[in-house]
Every structure is written in C-alpha cells, then in structure tokens.
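**Q** Attaching a single structure in structure tokens format; questions to follow.
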C-alpha cells in the first residue's frame with residue numbers, strides 16, 4: 001500500500017494523533033489529549049486504530065495499590081486480635097477465661113493465628129504463651145498505611161504478607177491501568193511525508209442532501225475489501241431451538257402437551273405397559289432404582305395383575321407366574337416418557353385424546369459418543385374411534401417431513417406394549433437410513449385394564465439423535481456442552 005493510500009485510509013482523528021506523536025514520540029493519554037486537541041476518549045480510540053495499522057503502539061501497565069478496610073482500620077488502632085491477647089497473656093489461661101475478657105470473635109480469630117505464628121499453643125483448653133512475640137510483617141504493613149492507597153513498595157511488604165491481609169479482609173486491592181502511546185517507525189515515516197488535515201464526512205445525511213452542502217464536502221473513503229469482525233447476536237441454544245420446533249409442530253397438529261414426574265413407580269413405568277416383571281430392561285444395570293416405594297392404584301392393580309398372570313378377560317395368555325405387587329410399587333427414575341402418557345390415558349379413558357410429551361428419561365448407560373444416562377424423548381398418543389395403523393404411519397411421516405426430512409420409511413419392530421410395531425427411519429445424505437425411535441398400536445393387554453376401549457396409537461422418538469442429524473454432530477455429548485465458539489457459529493436457520 002502506497003503512502004498516499006495509507007494516508008487516505010486514515011480518519012482525521014488518526015491524523016491528529018499521529019502528528020501529536022510525531023512530536024512527542026511517546027505520550028500518556030492526558031498529554032495526547034492536550035497535544036492533539038481531541039477529547040481523551042477520542043484520542044485513545046484513534047490510537048488503538050493506529051495500532052491496528054501498525055503506525056502506533058499502545059502499552060499498558062497495571063499498578064496494584066492497597067488500602068485498609070474498616071476492620072483493618074480498627075486493627076491498626078487496637079492491634080491484631082492475636083497481638084491484643086498475647087500482650088495480655090502473661091501466664092497460661094483457659095480459653096473460657098479469655099472469652100470473658102475479650103469478645104468470643106476476637107478469641108476465635110486470635111487462637112489460630114497465635115498458634116500459626118508460634119506465639120502460643122493450646123493444651124486441653126488452656127492457652128499457653130510460647131516464644132517471643134516480636135512484631136510481625138503483617139503488623140508492620142498495617143502500621144505503614146496512612147491516607148491514600150499504597151503499593152507493595154510503599155508499604156515495604158512482600159506479596160505473601162499482603163496476601164494474608166487480603167484473606168483476612170483487612171485490606172482491599174485496587175488496580176489502576178496506565179497506558180502509553182508511542183509512534184512506530186512506519187508511523188514516523190508516514191508523518192514525515194506530511195499529513196493533510198481535512199474534515200471528512202462519514203455519513204450522507206438528509207440535511208446534507210437537502211442543503212446541497214455535500215457537493216463541497218470530502219467523504220471518507222470506504223474499503224470494501226476488508227472483512228468486518230463477526231458479530232454474534234444472542235440466540236437460543238440449538239438443541240433447545242430444535243425441541244421448541246418439535247413442540248410447535250405437534251401443537252399445530254392439534255395435540256395437547258402433558259408433563260409428568262421424573263420419579264415413577266415401576267407400576268406405571270413397566271407393569272401398566274405389559275412389560276414382564278422379569279424383563280431384562282428392569283434389571284439394575286439398565287434402570288435407576290430408588291430406595292423408596294409408593295402405593296399402586298387399587299382400581300387398576302387387580303386387572304393388571306390378572307393380565308400379567310393369565311391374560312385377564314381377553315384372548316391372551318399373559319406372561320404366566322405370580323405378579324409381584326411389591327415389585328410394582330418400587331420407585332424408579334423413569335426409563336421412558338411412556339410412563340407419562342399411559343398415566344394420562346388412564347386419567348382420560350374416553351376418546352378423543354391427542355397428547356404429547358417432550359421430556360427427559362433416565363437409564364444406566366455408559367457415557368460415550370452415542371449414549372448418555374439422561375436423554376430427551378418425544379412421546380405421543382392418539383386415541384379415537386376408527387384409528388388405524390395407517391393413521392400412525394401418516395402422522396409420523398408428516399412430523400418428519402415438517403422437520404425437514406424428505407424421505408421417511410418404516411421397518412417392522414417389536415415392543416412389549418404395542419402390536420403392530422414399527423421403527424421410523426429417515427434418509428440422511430452420507431449416512432443412509434437412520435432409525436429414530438419406535439411406534440405402534442397399544443396392545444389390548446395395555447388398554448383393557450385401564451378401561452380404554454378405543455384404539456391408541458403411540459410413539460416414542462429419540463430427540464437427541466434427531467438433533468445430532470439436524471446439527472451435523474457425531475458426538476451426543478456436544479449437545480450438552482457450552483462450547484461458546486460452536487454456539488456462536490450455529491445456524492439459526494438454513495436459507
């Protein structure tokens with residue numbers, strides 16, 4: 001870049017500061033303000049802009065000063081608590097007697113410091129003086145305080161001593177920044193060529209247009225080849241934004257959002273869903289079992305027990321064996337949010353029902369790139385007369401289409417509480433078909449004991465896995481980490 005092009009790229013304030021520095025070579029802000037004729041803030045802003053262009057440099061020195069707190073002022077007059085006591089301690093004295101002579105707070109503070117400094121020791125509740133209690137560095141530092149705040153050198157104290165006083169909240173630290181602006185060789189060379197001080201217009205205003213004054217004004221040139229610094233506005237966390245998008249889709253489709261407790265009885269988490277009591281998913285290695293129990297609902301327990309043991313009053317064999325009421329009453333951290341929807345159906349057995357729940361579930365998983373002990377699930381149910389399996393497929397396909405997945409397919413699946421069952425999959429470029437959850441029609445063994453007569457379509461979809469696909473992540477753990485760089489650069493939407 002030529003000298004002229006560099007000069008053309010300088011603002012008038014930068015030129016004024018550079019000319020001032022040419023004469024001063026180096027200056028503090030006050031002197032620079034005086035010499036350049038600018039306000040101190042404007043002068044320093046110009047100095048920093050010159051530093052970016054390597055025409056000046058701004059150095060900064062931080063000076064630490066210390067002053068006494070209110071408590072420090074008091075101890076400067078009366079002496080530190082340990083000094084007050086050791087001066088009065090001619091012979092061994094019980095701590096109880098000391099508390100009658102001094103405040104309990106003073107004795108409490110002093111005891112530790114007396115032992116630490118080796119001035120006294122405590123034996124069986126007796127304070128015994130030991131050694132010579134000469135004036136310590138902390139006492140000398142306290143005595144040196146007078147008037148304004150002081151530096152370490154002015155106090156004649158070392159860092160360790162002042163650090164102890166800071167911990168005891170007897171002094172406070174004040175930091176004062178001193179800046180010095182200096183001209184560089186490149187700045188000197190440019191200034192020596194001569195700088196033209198001419199007022200420039202940075203903005204074309206309506207007043208300039210109306211008056212025609214813009215014709216005689218010089219406009220500051222703009223460089224369009226410089227990439228501006230990125231500005232990161234506030235935004236919702238990408239994962240939270242996707243969850244809100246899913247919520248909005250189901251609300252727009254006429255669903256009611258429901259919530260439920262994190263702690264559920266095994267009855268609602270497993271038994272009401274016709275999951276056998278010896279199912280592997282109920283083992284300790286898969287479920288967070290709690291030490292508490294609860295009362296299971298009497299109006300359903302008998303029917304659920306019969307359904308498990310012999311199939312109840314429908315054409316089913318059940319699971320056989322004896323249903324354990326005590327096991328059903330044990331509390332767990334819910335392993336799926338289906339426990340919330342089945343309980344909601346039991347409370348609302350009459351159609352129509354359209355409900356969904358987006359919340360956390362908990363399983364004893366080893367943390368790795370695709371598993372965490374806590375994860376979000378999107379659970380939903382539709383209960384109404386004449387509902388069919390085809391309605392379920394259409395509903396799920398519509399949801400995934402609205403989430404931006406063009407290709408959706410369904411594979412046969414198996415779950416203890418739905419029949420028929422499917423696993424929805426979406427097609428992702430570079431990955432192929434990806435499974436995202438499970439769905440099906442609730443079995444009679446689930447609905448009959450709860451007094452539900454209409455068909456129930458149900459699904460449980462993996463929220464975090466779907467989020468990983470949408471956000472292009474390969475590690476599930478990144479969804480829960482506060483990586484500020486990733487959060488700043490995350491897309492609000494795709495255009």
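The backbone N, Cα and C atoms fix where each Cβ goes, and this holds for glycine too.
Taken from Swiss-Prot, the feature L-phenylalanine binding site covers 338, 377, 378, 379, 417, 442, and the record attributes it to sequence analysis. Taken from Swiss-Prot, the feature Mg(2+) binding site applies to 419.
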**Q** To the nearest whole angstrom, state the Cα distance for the pair residue 377 (L-phenylalanine binding site) and residue 419 (Mg(2+) binding site).
**A** 20
**Q** Can you tell which of 417, 442 has the least company, meaning the fewest other C-beta atoms within 10 angstroms of its C-beta, among these binding-site residues?
**A** 417
**Q** What's the number of neighbouring CB atoms sitting within 10 A of the CB on residue 377 (L-phenylalanine binding site)?
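**A** I get 22 for this one.
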**Q** Which residue, of the binding-site residues 379, 419, has its CB surrounded by the fewest other CB atoms within 10 A?
**A** 419
**Q** For the binding-site residues 338, 378, which one has its C-beta crowded by the most other C-beta atoms within 10 angstroms?
**A** 338
**Q** Using only the residues recorded as binding L-phenylalanine (338, 377, 378, 379, 417, 442), report the maximum Cα-Cα distance in Å, whole number please.
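**A** Taking every pair of listed residues, the largest Cα separation comes to 18 Å.
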**Q** Determine, to the nearest whole angstrom, how far the Cα atom of residue 442 (L-phenylalanine binding site) is from the Cα atom of residue 419 (Mg(2+) binding site).
**A** 6
